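For reference, TrEMBL has these:
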type	residues	note
BINDING	SER64, ASN114, GLU158, ASN165, TYR189, TYR241, VAL259	substrate binding site
DOMAIN	469-589	domain 'Cyclic nucleotide-binding'
Amino acid sequence: MTTVVDDILQRVFDACRGESSGAVADYIPELAEVSPDGFGISLATSDGYLYEIGDTRTPFTIQSISKPFTYGLALADNGEDAVARKIDIEPSGEPFNEISLDPVTERPRNPMINAGAITSASLIHGQTAEERFERIRQSYSLYAGRQLEFNDAVYRSEAKTGNRNRAIGYMLRSFDIVENDPDAAVDLYFRQCSIDVTAADLAMMAATMANNGVNPRTGLRALSPVLVERVLSVMTTCGMYDGAGDWVAKVGLPAKSGVGGGVLAVLPGQMGIAVYSPRLDSHGNSVRGVAACRRLSRKLELHFLHVPRASASAVRGRYTVAEAPSRKRRSEIEQDALARFGHRARVYELHGDLLFSGAETAVREIGTLDEDLDALVLDVRGVDDVSDIARSMFDDLSTQLGKKGCHAAFVDPRGVLGHATSSIDPNDPGGRVFADLGSGVRWAEERVLDRYCVGPRQPMAISAGEHPVFAGLTPEQYARASAVTEIRHYARGETIVHAGDHAAGLFLVLIGEVSSTYEAPGGFRHRISTLSPGMSFGEMPLLAGTTFLLDFCADTDLTVAVISVADFESLTVDAPEVKLGLLSNLASGAYMQMNIAIKSLGQFGIGR
Ligand code: GLN
């Protein structure tokens, strides 16, 4: 299947194919031997997919495209400061082979011109010349994801004719920028320039930089993210030599060219591009390489300063617990309190990557609410990545809110905000982390009810006699019912009935809480509703003959009173008036729950 990307590559390829200006480099005799018409374009995504067209498997020497990679290795070997004392990072505006140093700092102006590159080579660690070269070759191979080979013929050719670079080496030695044998540094540089690559290799090397220094196919790290950033910065300002300004304006990607005919460009976080075409312009940049990069950048909108839209808010949803209550069944008094004061507990659902601007808009919105809050729930399940600055902004927000008496909790099963998840502990008012939204909303409701619910709260424990299902029974009828009632205890986490089970009896919750849940395909357990003392379950399979649709699991240590299926049946004959009492209590309880459910739909504007 050809994709839009393939089509665009084809069109860019066709548009540039006819361009035959420029000339192959001939100051290195061996380079003059290559076919001038070779042309290939590769694009590697930062997850390692490769698009290719044309001569993307033709080997050619990497030449100056080696410079950023050796600079990266020099940084890793010596540290940024030590390297900075040897090589500046200012654009030179001079040809790549200029024999000059910055007149003020007396250092090479940047690592992308030969003076800087030879200095980088002189900084590579290793006991012997072979070891130093081998470390360079291995480093490039890590970026490419395969073993790259050395081209001896091109190396010899350059070594024979490279007197200008030797002049640069000796100049560097005389200024003590190169501190050891300048011939050795220049020789190492010639060798690194003579490593063979293809356009496909270069695209993967670029994609490795785009992927923060890890080759997306092998998963192996070639360079640390901090150093990748540093190398890309220098490529942005200095990668295309004296054509750098024009390049940034028209292409807008950190890039590097080489006289072997390659151009490599990186869009951080997204992709790497490489073009091979050996005819060079007066700067020593591939003519069709530059032309193809310009077109690709425009068509694929790759310019790194191109902003399609201002960054969107990280807030995906915002609501109060009055608008979207938890699925915990509540008494009417509690329902009323939540309807009246639920606006003081809010849920914010955040999504996307939380970088500075997304976090800033969210934190500002929450921090400047007119309303004072008692509870805030931040649901970050939809958040992918969180930057350190965003994390500290949210920490600060919860501290600030805490001072005003508002407790903040996070729904953060993956711990993206860096807090540990904690289990449900109704006594702990602040700094909570929940694995699911329902638990977070319930927690927020409890905060509101603690403050504003005047009147009896749903108790945490009742005796069997207090259970509403027995309401209105005479003492004799109750005695008859309780004779068939068995008290059972379950440990927290225990499953009482499983989805698919047949009628298992009528379960009356006396102490603790139990939730109906189901396990999603990924293994995550979703909570459908939570029952507390005074509520019951199991009546549907019992009365309607269906199987259980959900699992019922004890959230806390749990005590229930159970009337078995057989006992419930036998009441029909043995004590019909008792059964009638139980059934009418069950029916009115069911209608009350339905009423509450309808009311909560009304809060979403449904059913009005
Ligand atoms: N080896 C070449 C040189 O130093 C590399 C130059 C380049 O690719 N721009 O002359």
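Glycine is treated like the rest: Cβ placed from N, Cα and C.
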Including all protein chains displayed, how many Cβ atoms other than that of SER64 (substrate binding site) lie within 10 Å of its Cβ?
25
Among ASN165, TYR189, VAL259, the binding-site residues whose C-beta sits under 6 Å from ligand 1:
ASN165, VAL259
For ASN165 (substrate binding site), the number of other Cβ atoms found within 10 Å of its own Cβ:
24
Give me the non-local Cβ neighbours of ASN114 (substrate binding site): same chain, 6+ apart in sequence, Cβ-Cβ under 8 Å, ordered along the sequence.
SER64, PHE96, ASN97, GLU98, ASN165, ILE168, TYR189
Assigned element (helix, strand, coil) containing VAL259 (substrate binding site), judged by DSSP:
coil
Do you know the DSSP helix, strand and coil residue counts for the domain 'Cyclic nucleotide-binding' (469-589)?
41 helix, 40 strand, 40 coil
Over the span of the domain 'Cyclic nucleotide-binding' (469-589), how high is the average pLDDT in this prediction?
91
Sorted by position, what residues of the same chain at least six away from VAL259 (substrate binding site) have a C-beta under 8 A from it?
ALA25, ILE28, LEU31, GLN63, SER64, LEU280, GLY284
In the chain carrying GLU158 (substrate binding site), residues 6 or more apart in sequence that have Cβ under 8 angstroms from it
ILE28, GLU30, PHE190, CYS193, SER194
